[in-house]
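Annotated domain 'HTH LytTR-type' per TrEMBL: 405-497, in sequence order. What TrEMBL lists as signal peptide is 1-20. The transmembrane segment annotation in TrEMBL covers 173-193, 205-226, 238-257, 264-286, 292-309, 316-334, 340-362.
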Amino acid sequence: MIARVLIAPLLALACLVAESAAQVPGNGPFEVCPATAEEPTPPRVYDGDGCRRMTLHEVDPQGRQIWVRLPFAVTEPSDARFLGLLLSAKGSSEVFLDGRPIGANGVPGATRGQETAGRMDVVIPIPRERLRPQGSRIDLRMSSHHGWLTLRSPVHAIELVDFTDPQARTLRYYLPSLFPLGVFLLAGFYFFSLTVRSERKLEPALLGTLAMLAGLQLLLEISRGVFAYPYPVQDLRLIGILSCSIGFGLCLVAVHARLFAPRWLPASTLLAAIATVIGMLLAPSLDGKTSSALLVATTASLGLALAGVRERKRGAWFQVGALLVFGLANLLAPGGFIDLGFYLLVAGLMIGLMILQAAAYGRERRLRVEQRLRADRLQYALDQAQAEQMPRVLTVPAVGTVKHVPLERIVRIQGAGDYVELHMDDGSQLLHTTTLNELDADLSPRFLRVHRSHLVNTHYIERLDRAEGGTGTLHLRGSEPVPVSRRVMPGVRRALR
């Protein structure tokens, strides 16, 4: 079962990586030249100062305005399908077909004030009637002045497509993420509810936080396929994903330290935080920083899980296997891992952790029940010893005499203000000038306070009937039933075990 949980996400990850590789367009080379505000149309030849040929991911409009010529000519398709140009880039753009504008995404400009931010993903329709039989040339004017971050590869895709909605394709890519998202929500609810019920609150609280961080990161990831947001929002989205990754990583380390090496929890979390910062500083790209943060956390957690294996702790081998798969997927396919593989693997990890935590909670509950039973048996033995040392008769003053009433004959005692009624086993009643509180303190433990007005001899109890609202009725041999208040019901139930 564990092997299936670990292998299934890897197979899904491999399929997704292969699918994404099949969707990547030609990588170039693209011809790129600096653009000025005085140039209303693209240059005929890209041979001026600063012009060069580069791959798609080298095209960078951040902080400037550029001309970009696509490395392929556009001819009219043989069928009547829609034809458009997909632009997935952090920037504004204007599209030219054979030197004439055909559409724009925002308004590119030489400065921040001249630019109007466009959307992160957009499809510009290409008019068929303007295509030349020998092939048409496409140029782009691009700029990016409204971002907060400087990305290493701000342009993700420039390709011809036959669809109009780029969010629909992105959302289809993230469709398998609905499964892990459901797992994260279920795990978060389960672990946080366990935090309320369990005596060991730190472990389920950390696991619940782990699930919620993974779920939030996944929501940020798929938001690109749900909202057609302006390109500056991309920076906020990436910052959110990175922040969730850092929090997830540190929480992962804390979870494994708590499970397998509680004494090392503060030190291991601090060292993981320092290593995470160092790894992020060394990583050149934002995706690299995210991958690095997760890799550091995985490595630290693996070391803690191995410590658990050495000490023969429950679930340690499962965690070692899961973390090895987790780390290898990050190393071998970091791009696909960050996009979707991470969430599939974490979902499998969460399922395993829920099973392990449920088993641990079951053991904890059984231990609490056993401890309570031992405490009740000990208390019963002490009460019996105390009862043997206490008087076996109750002295009741009467007119001109004193009666010695054997305690074993008293079925129950009912309070009535400054006196009490003694109900005997033969059905008779005696009045005694004392209070129920005084008798409760003086009589042996065989007499049980079940109500503010009733003491009963446990020797005569036949059964206890519980009612709605937490109250109950105690049936006695040779006497009328006695009410049991909600406040003392738990104590009565324990005493009758």
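Using N, Cα and C of the backbone, Cβ positions are placed for all residues, glycine too.
Over the domain 'HTH LytTR-type' (405-497), the average per-residue pLDDT in this prediction is 85. When Cβ-Cβ distances below 8 Å are used as the criterion, the transmembrane segment (205-226) is approached by residues 120-121, 167-174, 177, 180-181, 183-185, 187-188, 190-192, 194-195, 234, 237, 240-241, 244-245, 247-248, 251-252, 254-255, 258, 339-340, 343, 346, 350, 353, 357 of the same chain, each at least six residues removed from its ends. Assigned with DSSP, the residues of the domain 'HTH LytTR-type' (405-497) fall into helix, strand and coil as follows: 20 helix, 42 strand, 31 coil.
Sequence-distant contacts of the transmembrane segment (173-193) (same chain, six or more residues past either end, CB-CB distance under 8 Å): 12, 16, 19-20, 204-205, 207-208, 211-212, 214-215, 218-219, 221-222, 225, 340, 343-344, 346-347, 350-351, 353-354, 357. If you look at the transmembrane segment (264-286), the same-chain residues 6 or more away from its ends with a CB under 8 A from one of its CBs are 149, 151-153, 238, 242, 246, 249-250, 253-254, 257-258, 292-293, 295-297, 300, 304, 307.
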